[in-house]
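The next block holds one structure in the form of structure tokens; read it before the comments.
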Amino acid sequence: MADQLTDDQIAEFKEAFSLFDKDGDGCITTKELGTVMRSLGQNPTEAELQDMINEVDADGNGTIDFPEFLNLMARKMKDTDSEEELKEAFRVFDKDQNGFISAAELRHVMTNLGEKLTDEEVDEMIREADVDGDGQINYDEFVKVMMAK
């Protein structure tokens, strides 16, 4: 499954994996998964976290290692983001629910994920997605970026 990913995608997923893998031991635990999900405004129960881990935990050791994570991501990409998942993701970023993601909102979510970005990096991310040039990202622009990944 993961063999259909490009080198760029694998590098991106490696970066995402390290955001989850807080202690850097090469495995994601339910605790680490919970921390990241809560920082994104979700509130999963312990049982839900365990289910998520079990879904991809091929060797049954109770944690997700990078190859298992890659398989999960490859599967998720094949299902391509459903409209509902995209709306949910947009809502996570759009803190004030005004229909736009501002640079401040983008910075806030990325910082919660442990990703310290410079103002230039945040501005660059906005510029890449901001088709109409109004300095923020609307839902249509967000969908385009997410589908292009």
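In case you wondered, yes, glycine gets a Cβ from its N, Cα and C as well.
Of the listed candidates (E85, E105), Swiss-Prot assigns E105 to the same Ca(2+) 3 site as D94, D96, N98. If you compare Cα positions, E68 (Ca(2+) 2 binding site) sits closest to D21 out of the binding-site residues D21, E32, D134, Q136. Within the set of recorded positions D57, T63, N98, E105, K116, the entry lying nearest in space to D21 (Ca(2+) 1 binding site) is T63 (CA atoms). Report note: the Ca(2+) 4 site is defined by D130, D132, D134, Q136, E141, and the residues of the same chain whose CB lies within 8 Å of the CB centroid of those residues, excluding them, are F100, I126, A129, V131, G133, G135, I137, N138. Summary of the Ca(2+) 3 site environment: with the site residues D94, D96, N98, E105 set aside, the chain residues having Cβ atoms within 8 Å of the Cβ mean position are F93, K95, Q97, G99, F100, I101, S102. With a cut-off of 8 Å between CB atoms and residues at least 6 apart in sequence, the same chain places E32 near D23 (Ca(2+) 1 binding site), listed in sequence order.
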